[in-house]
Amino acid sequence: MYLMTLAGNLAIMTVIWIDRCLHTPMYLYLGVLSFSETFYTIIIIPKALVNLVAESKTISLPGCVAQMFFFHGLGGTNCMILTVMGYDRYLAICHPLHYGSLMSLNVFVKLVVGSWISGFLVSLVQTMLIFWSPFCGSNVINHFFCHMRSVLRLACTDSNIIGVVVSMISMLGLLGSFLLIVVTYLLILGTILRLPSASGEREKAFSTCAAHLTVVVMHFGFAFIIYLKLSPRDTLEEDTLMSVPYTILTPFLSPMIFTLRNKEMKIALRKAFSKRIFS
């Protein structure tokens, strides 16, 4: 699954890079999302795979801090990129005549940079809050990576307050991003319903949004389930179980959804593979 995740994201980035027909904001955002998800999985899965076969399952303190920071930073970036992709679809469908000026290259760069900065800024605050706590006694993290709640359980002091604050920060970020996506899709739906059904424009508009909306529901759904639990003393089994789809299954399915549900991506992939085979 991990190799297929890497292959899927690398294929998307490569095809978007080499096919000039895909050099539009919608596909460039998809390329940025694939880039972010590639490193998102690299932060967690290789170390987890090594721990499955290694006798000594250890991670250094700086390594744990770095893993937590980059994992949550990239996760937050993914949320922001998905939100920006929804805004891009809103402009393309609701304001098609002004789309070129509203979503210029300059705007595209600013939105991408803003997504990365905001994602890692939130992660920096959360990571600093967690590792300011004094740690003593047990140093066993009951998880397959340095998960916030599992690390907080090792704190010497009462970590409930920090756990609630950190989870609330995550929830506010998730809710804010998700509500923006909901608002954009309500506006998109209103515009689509006003289109003439006989022209086929409705189906075309729906098809451009279907893959994005599917990934949004999957991504935010698992994230809400994890971060709705505000207490750091919840059961270890539930924490670990719910982290599997969020860290492994979602990145695995995203590339397939974006390619299989998008006609232009499928055509570009066929062209790229046919050139590779017959060259």
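Any Cβ shown, glycine's included, is placed from N, Cα and C.
Listed features, source TrEMBL:
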type	residues	note
DOMAIN	8-258	domain 'G-protein coupled receptors family 1 profile'
TRANSMEM	26-45	transmembrane segment
TRANSMEM	65-87	transmembrane segment
TRANSMEM	107-132	transmembrane segment
TRANSMEM	161-193	transmembrane segment
TRANSMEM	205-228	transmembrane segment
TRANSMEM	240-260	transmembrane segment
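Cβ atoms under 8 Å from those of the transmembrane segment (107-132) belong to residues 25, 28-29, 32, 65, 68-81, 83-84, 87, 148, 151-152, 162, 165-166, 169-170, 173 of the same chain, restricted to positions at least 6 beyond its ends.
Restricting the average to the domain 'G-protein coupled receptors family 1 profile' (8-258) gives a pLDDT of 86.
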